[in-house]
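For reference, the structure is listed below as structure tokens.
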Amino acid sequence: MLRSLSRVFSYVQSERNLKSAVLRSLWSAASVCSDFYLKPTMETKLYKPPQEVRGMTSLNKEAFTQTITVPALRVPNGVLNKVVKSLKKATIQRPGVPRVVQDEEGSSDFRLVLLDPHRISSPSSFSEGEAEALRSFSVVQELRHYELQLTYHNLKSDEVLEAVLPPGQDVPSGFSRVGHIAHFNLRDHQLPYKNLIGQVIIDKNPGVTCVVNKTNMIDTTYRYFKMEVMAGEENMVAKIKENGVTYEFDFSLVYWNPRLSTEHQRVVQLVKRGDTVFDVFAGVGPFAVPAARSGANVLANDLNPESHKWLQHNCKLNKVEKKVRTFNLDGRAFIQGPVKQELPVLLKGKAKVHIVMNLPALALDFLDAFRGLLPQELSCDENLPTVHCYGFSKEDNPDTDVVKRASCSLGFPLKDKCSVHFVRNVAPNKDMLCVSFTIPKEVLFSGDQEKTDPSEEPAPKRQKCDEATDST
């Protein structure tokens, strides 16, 4: 029993001695390392904005100036480049801030390498590879403090905006870039700061010379949003390049969405040389122009006179004006006019026919224009046109929703006779999708050529729409 108690006492004593030795070693190391651990001036966040910038609506760049403390490593000039390369992930990364500065002791044989305080807070913060590199270059792992002055020019745009906007309010997190124009959808609480936000975006994004905000007003005829200039020049004529094609247009008067470049490319890749493309809502040509460049024959239409003007301009700009015929018509008039006139000959050929309908807010409602478009005597089973029709959906099952609505408009069930492609999420619980299908001959060909307003259709046709919806 006494022997067991003696062993326990010895174990406890040795544990106490070990802890004391460790504590003495740590204190000694802290003393050697230029008392780096003892200074409380190092902040977890690199930049803490002065209080006076909070609520600022007119940009005062000087007010953002602040001096902070960052860790630094004293390195001999002879191995400076090798050390900087080895510590690439540990050095400070900030706009306009050098990673290497003059030695504070005035020695011409040494330089200070500034480190990222989020990565390096003590010598033990270096990775095993970094520590080994420093040992191989005979660099003492002694961290020093360096007083670094940060100005407005060293700050990122989100840091400036977070400092200005009231606490707890979200900062504008992103914008669309259209050539030299940055396009925002500001929320109501951000509007008092719109001019400051615009100036910050111009300062922090090379090439941006104009910042605009989309207002809640929408042009009901041509479906483009009106916008106001937040900062910069009022030049709205943008020049952009998408998928190797150059476009120019007045961004304030037409519709353009840079987030649709992948979708434009996806559909154009379905088109082969010699095919015919009818673009019902062509805009300035993001489907029509690249399709023509790939060798297709294109008939492109848009109701907006400005879009039609820039569509023609972009055809000439990309040297495809001989491959594209342009129209300035309502979508339904285009389908029941030029499309109806061209289809009889095209259906007799072997080249495919594509009909693109990219007006997601309304396009599904235009599908009824294909009902009985051609006389029954032209009926055929082969080479029927393929439609790519876009729509928005807020339903829990958006695929089913757009298929039902397309079926309703056509008056024919499309279930298992179409494909649905998810394009993008445009807002919480709102998706953009593309439903593609071959126009059924039961829809396209009819002996009844009389067209009526859908709201004035007789009961049998409305019943057919309901039946089509129910069957999907």
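Placement of Cβ uses the backbone N, Cα and C atoms for every residue, glycine included.
TrEMBL labels come from automatic prediction, so no person has curated them.
Quantities reported herein were computed from a predicted structural model and do not represent experimental measurements.
Features reported for this protein in TrEMBL:
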DOMAIN    175-441  domain 'SAM-dependent methyltransferase TRM5/TYW2-type'
BINDING   HIS264, ASP302, LEU303, ASP330, GLY331, ASN358  S-adenosyl-L-methionine binding site
REGION    446-472  region 'Disordered'
COMPBIAS  448-472  compositional bias 'Basic and acidic residues'
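Everything TrEMBL records as a feature, shown here on the structure.
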residue	record	contacts (Cβ under 8 Å, 6+ apart)
HIS264	S-adenosyl-L-methionine binding site	GLU242, ASN243, PRO286, PHE287, PRO290
ASP302	S-adenosyl-L-methionine binding site	PHE281, ALA282, GLY283, HIS308, LEU311, PHE327, ASN328
ASP330	S-adenosyl-L-methionine binding site	LEU303
GLY331	S-adenosyl-L-methionine binding site	VAL280, PHE281, ASN301, LEU303, MET357, LEU359, ALA363, PHE366, ALA369
ASN358	S-adenosyl-L-methionine binding site	ASP279, PHE281, GLY283, PHE287, HIS388, TYR390
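Taken over all pairs of the listed S-adenosyl-L-methionine-binding residues (HIS264, ASP302, LEU303, ASP330, GLY331, ASN358), the Cα spread reaches a maximum of 22 Å, rounded to the nearest whole number. Confidence in the domain 'SAM-dependent methyltransferase TRM5/TYW2-type' (175-441), given as mean pLDDT, stands at 95.
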